[in-house]
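Engineer: Got a structure here, written out as structure tokens. Questions coming.
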Amino acid sequence: MNSAKALRSLYKSSPYSQTPLCDFLLPSFTQVTSRRDYASITTSSESPKTEPAPEALKSETTAKRRRPLTKEQQQFLDSALRVNQAGELAAVLIYRHQTPPITRSHPHLRPLMHHMYSQEAGHFSTFNALLAKHRIRPTAMYPVWTAAASTLGWVTGLMGREAAMACTEAVETEIGGHYNGQVRVLLSWLKEMEEKGEEVGEELRELVDTLKRIRDEELEHLDEAVGEGAKEARPYELLNRAIRSGCKGAIWISERV
Ligand SMILES: [Fe+2]
Ligand SMILES: [Fe+2]
């Protein structure tokens, strides 16, 4: 059995095999690729293969120029999408482990927990697809974040409703701010491209819209958590500071490795 097959069978027998990550992740770990293709983000058509007619030449001079992303922009996107995928993995695992104890003791929270979990699973699928499409490797810390997020969800779930909600509030505060920062950077690129008369690719616009939508959903989770007693957790300050510091550290590390 080669190493890819061995990893796949090991993964399928693990408790995480139901997380919608395995099909995507294993090829990424076992196929080392260096080429990342963002060309479609800013270029959407091929150059004409035949000599253009004079009318076409005239319209070409008035058409907006297209240019690929710079190396720095590509690196920013690599890093941003890698962190986002890791963050969404963590969110899925936190909710998965919190849900059983919380809904057992507070059945009225079942729809809310299900709603938040479903949205996180959707976010995770989105970033899995983007990483696969642009051939970005997941963070090397993936197994560590898997264990840490599962433990955090399990512990705060056992501590009770308020602690689970305080966890959501802390995580979403950091993640909402993180997505906001990415949206600001991408909007500054769009503005610069438009000012220079360059064409903005449809894919880049779609990415901005996706990040805005996900940010808004994270901030909704934050509001729901506060409404469900996050601030009544004991010890609230300690939980809030510890979890937010953990998120900041995880983001910092995942951006780099
Ligand atoms: Fe999310
Ligand atoms: Fe969330």
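Our numbering is plain: 1 for the first residue shown, then up by one each step along the chain.
Note that Cβ sites are derived from N, Cα and C of the backbone, with glycine treated the same way.
TrEMBL feature annotations, pasted as is:
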type	residues	note
REGION	37-71	region 'Disordered'
BINDING	E88, E120, H123, E218	Fe cation 1 binding site
BINDING	E120, E172, E218, H221	Fe cation 2 binding site
Engineer: Just to verify a number: CA distance, E88 (Fe cation 1 binding site) to H221 (Fe cation 2 binding site), in angstrom, no decimals.
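Structural biologist: About 13 Å separates the two Cα atoms.
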Engineer: Of all the binding-site residues given, E120, E218, which has the fewest Cβ neighbours within 10 Å once its own Cβ is left out?
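Structural biologist: Counting other Cβ atoms within 10 Å of each of the binding-site residues E120, E218, the minimum falls on E120.
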Engineer: Please check each of the binding-site residues E88, H123, E172, H221 and report the ones with a CB atom less than 6 Å from an atom of ligand 1, ordered along the sequence.
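Structural biologist: Checked binding-site residues vs ligand 1; flagged E88, H123.
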Engineer: Centre the Cβ atoms of E88, E120, H123, E218, go out 8 Å, and tell me which other residues of that chain have a Cβ in range of the Fe cation 1 site.
Structural biologist: G87, A91, V92, Q119, G122, F124, I175, I214, E217
Engineer: Considering only the binding-site residues E120, H123, E218, which fall within 10 Å of E172 (Fe cation 2 binding site) when distances are taken between Cα atoms?
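Structural biologist: Cα filter at 10 Å returns E218.
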Engineer: Within 10 angstroms of the C-beta of E88 (Fe cation 1 binding site), what count of other C-beta atoms is obtained when all protein chains are considered?
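Structural biologist: Cβ-Cβ neighbours of E88 (Fe cation 1 binding site) within 10 Å number 24.
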Engineer: Can you grab the distance from H123 (Fe cation 1 binding site) over to H221 (Fe cation 2 binding site)? Cα atoms, rounded to a whole Å.
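Structural biologist: With the alpha carbons as reference points, the distance is 13 Å.
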Engineer: For a quick check of packing: other C-beta atoms within 10 Å of the C-beta of E172 (Fe cation 2 binding site), how many?
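Structural biologist: So the number of other Cβ atoms within 10 Å of E172 (Fe cation 2 binding site) is 26.
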Engineer: Given the Fe cation 2 site residues E120, E172, E218, H221, which other residues of that chain have a Cβ within 8 Å of the mean position of their Cβ atoms, reported in sequence order?
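Structural biologist: What remains near the Cβ centre is A91, M116, Q119, T168, V171, I175, G176, E217, L219, E220, L222.
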